[in-house]
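Participant: What follows is a structure written as C-alpha cells; I'll ask about it next.
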Amino acid sequence: MAHNHRHAGKPRRQPQAVIIGMMGAGKTRLGKEMAQMRGLPFLDADVEIEREIGMSIPDYFAQYGEPAFREVERDVVCDILDSFGGIFSLGGGAPMTKAIRRRLAQYVARGGKVVYLKADPHEAMERANRGGGRPMLTGDAEKRWMSLFRQRDPVYRQVANLVVPTRGMTPKAAAKRMIEMVAEHTVHVDGRGIEPYDVRIGEGALSHLPEVLGKQPVRVALIHTQSVQRHSDRARGLLRQAGYEVSDIVIPDAEAGKTIEVANGIWQRLGTEGFTRSDAIVGIGGGACTDLAGFVAATWMRGIRYVNCPTSLLAMVDASTGGKTGINTPQGKNLVGSFYTPAGVLADLRTLTTLPNDIFIEGLGEVAKSGFIMDPQILRILEDHAAELRAFSGETFLGTPLEDVVSELIERTVRVKAHHVSADLREAGLREFLNYGHTFGHAIEQLEHFRWRHGNAVAVGMVYAAELSSLTGHLDRDTVDYTRSLLTSLGLPTSWNGAGFDEVLALMHRDKKARGNTLRFVGLEQVGEPFHLNDPDSEAGRGRPSTVCRTREWNRSGRCEVNIRPECKVGADHPYTLRPRYSGEQPTATNWRDNGNEVTADQGHGGQWAESGAARSASAGCVRFAGSRGAASTLHPVGGRIRP
Ligand SMILES: NC(=O)c1ccc[n+]([C@@H]2O[C@H](COP(=O)([O-])OP(=O)(O)OC[C@H]3O[C@@H](n4cnc5c(N)ncnc54)[C@H](O)[C@@H]3O)[C@@H](O)[C@H]2O)c1
Ligand SMILES: O=C(O)C(=O)C[C@@H](O)[C@H](O)[C@H](O)COP(=O)(O)O
C-alpha cells in the first residue's frame, strides 16, 4: 500500500479518510486498524466529544438532550475536519447534521475520501447492542437500529464517495480493502459522443470488475497474453465468483497479437461459444492486447460491452483511455480500427509487480509526451525522480514512495488524455496533439518490424518533432536540448538511424494525420503549447535549417514574436503566411506590426485564415503582433514560406 506522500510533499491539513456508518459497523475498530497499517494517527469523534464535554455521551444526552449534543458534535467534527491529517471516524448520527454534511461535501471536493462502512445489519446490530451505552438504541434496540438504518442509509450514500461492504471479511482484510480504496484515484471521462466511464487507478482496482461489467452479461471473454497469466488468473477468479461464464482466450504477445488473423480467431470462438450482444469482453494486458481486445469488442455484433484492464505502464497511461482500438496491417501501425469507448478502465497497480524494467521505462515515453504537450508538472516529477524511475523493479515497488510517484504520474497522464479525448473523441483537431512524437515514432516501429517498443519509438519521435519545431522557427533550442536530456535521464532512446530518410518519409505520408499529399505533424511552440505543423519545409523535415528564414522567439521580456533573418527576402514573391493554430479556430488578431509599420491583415473564413499581404512590407528583423500575447499565439507562421 502506498504511503500517500504526494509529490508536492505538502503537509496534509485534512484527514486521509473519514469513516461513516451505522452504530456497530466497526468504524472505530477498522479505523484504528487502517491507521496502524498506514502509520497514521486515528481520532474517534465520540472520544473527542467526551473529552470536550467532560462526561460520557449517554450522560450528556440524559442531561441536555440530543439537539445540544448535535451542536457540540458539529463543532468538534468541523474542527477536526479542518486540522487533522489521519484517519477520522464519525459517530453514526453525525452525517444527519446539515452543517456536517456541508463540510464533508467540501472535504470531498478537495479530494477527501468519505468511506461508508457498510456492515451486515445483523452483525452490526448485535455489536451495537453489546455492552449497552448507546443512547440512540434505548427501548427495543433492534427495532430502533433498523429504523435508524432506514433513515440514515440514503444519507450515508449521498455523503460518501466510497462504499465498503464488510460482510464476511475479517477486520484486517476489511481495513486493507479500505486502505486500497482510499488510495485509489479515479479519472472520469465524459464528453460529446462518449458514454461516461471511470479510469480507476490503484492497488486492487481489478476487484471492481463485476461492478463495471454489470448484471447483464452471462458470458465474458477474458482476452490476455501468457505474460500476464498471474493477473488474468485473478481476474478469472473474480469473474467466476461473481457468476459469469468465463472464456479464457490467450493471444500472441505484443504486436504479434494485433493482427486480423488473431481477431478472426476470436470472432470464430465467440461465434462458436454463443456470445450475444449482451455479453462482454475483458482485455487484460499491455497496450497491444487491450487494443486488440477493444477492437474485437467494437466489432463483435457491432459492439459489445468492453472493460479495459491495462497491466503495463504505457497501457495504463495511454492505451486504456480514449477508445482507440485497432490492429496493424502490413502497411502500417493501427491502420484498421475504431473509436470504441470502454465501460470502464481498471488500472490495478498490483499488475505492475511483474512488469520488466525495460517495459516500464518504455511507458515513461508516453508519460513525458503528456508533460510536453500539456502538464509541465509531469516533467518536473520525471526530473526529480529520474534515477528511481529508471531503476524500477516490479518486485519491490509496492509500498514504497516510488509507488506514490508512479501513481501520481499515471493519474496526471490519464487526465491529460481525458482532457483531449473528452473534447475531441474522433480526432478532428485537439486530440491530434496526443500524437506528438508519433509520426516519426510509428515509422520507426514499422521499419524495425516492431522490434522497437512503441514508447521508445515515441521518445525518438519527440526529439524529431522538437527539432522540426525548432528548425521551422517555432521552438527555442533550450527546449530541444531539454527534451533530449530528460528522455536520456529516464533511460529512453533519443536517436535512431535504422533507415534512410526517404523510407521514413514514405511511411510518414501514410500516417493517419496526413491529408492527401500533405504531411501533418504535431509540433511544439513551448512546453504545454503543441500546434499543428502542416506541410513543413522539406529541408527542415530532413533536419536542414538552410531554407528557413525566420525563427520563432517568445514574447517574454519584450523579445520578438517572429524574427525574420536579415538574409531573407520577404515580399510579394515570397509571401509570409500566417494560419490559425489549428483549423476550426478563428484567429482573433487581425493587426500586426512590422518594425513599427502597422499592417492590417484580412480575416478569412472557415479557420483557413491566411495573410500574405502584410509580408510585402515585411523586412528582416523583429515582427511583433499588435494583438495581446494570447491573441497572437493563436497564429503561427507556417514554415518554408519565406525563402531567401
Ligand atoms: N489505444 C491507444 O490509444 C494506444 C495508446 C498508446 C499505445 N497504444 C498501443 O499499445 C501498444 C504498446 O503498449 P505496451 O507498451 O503495453 O506494449 P505491449 O502490449 O506489447 O506490452 C509490452 C510487453 O510487456 C508485457 N507485459 C505487459 N504487462 C505486463 C505485466 N504486468 N507483467 C509482465 N509483462 C507484461 C506484454 O506481454 C508485452 O510483452 C502498441 O501497440 C501501441 O500502438 C495504443
Ligand atoms: O489516443 C490518441 O489519440 C493518441 O494519439 C495516443 C497515442 O499515444 C497512441 O500511441 C495511439 O495509439 C496512436 O494512435 P494512432 O491513431 O496514431 O495510431
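The chain as shown is numbered from 1 upward.
Keep in mind that glycine also has a Cβ here, set from the backbone N, Cα and C atoms.
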Participant: With Gly24, Ala25, Gly26, Lys27, Thr28, Arg29 listed by TrEMBL as binding ATP, identify the candidate in Arg102, Arg103, Arg110, Arg134 belonging to that site.
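Facilitator: TrEMBL lists Gly24, Ala25, Gly26, Lys27, Thr28, Arg29 binding ATP, and from Arg102, Arg103, Arg110, Arg134 it also lists Arg134.
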Participant: Quick one: Cα separation, Arg134 (ATP binding site) versus Thr351 (NAD(+) binding site), in Å?
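Facilitator: About 45 Å separate the Cα atoms of these two residues.
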Participant: In the domain '3-dehydroquinate synthase N-terminal' (249-360), how many residues does DSSP assign to helix, to strand and to coil?
Facilitator: 50 helix, 34 strand, 28 coil
Participant: Would you mind sorting out which of Arg70, Gly92, Asp253, Gly287, Glu366, His454 (the binding-site residues) have a C-alpha within 10 A of the one on Lys27 (ATP binding site)?
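Facilitator: Neighbours among binding-site residues, in sequence order: Gly92.
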Participant: List the residues of the same chain that sit at least 6 positions away from Arg70 (substrate binding site) in sequence and have their Cβ under 8 Å from its Cβ, in sequence order, or write 'none'.
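Facilitator: The list for Arg70 (substrate binding site) reads Gly93, Thr97, given in order along the sequence.
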Participant: Taking a cut-off of under 6 Å between Cβ and any atom of ligand 1, tell me which of the binding-site residues Gly24, Arg134, Asp253 pass.
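Facilitator: What lies within reach of ligand 1, judged by Cβ under 6 Å, is Asp253.
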Participant: Can you list which of the binding-site residues Lys27, Gly92, Arg134, Gly287, His438 have their Cβ under 6 Å from some atom of ligand 2?
Facilitator: His438
Participant: I'd like to confirm something. Which of the binding-site residues, Gly24, Arg29, Glu366, has a Cα closest to the Cα of Ala256 (NAD(+) binding site)?
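Facilitator: Going through Gly24, Arg29, Glu366 one by one, the Cα closest to that of Ala256 (NAD(+) binding site) is Glu366.
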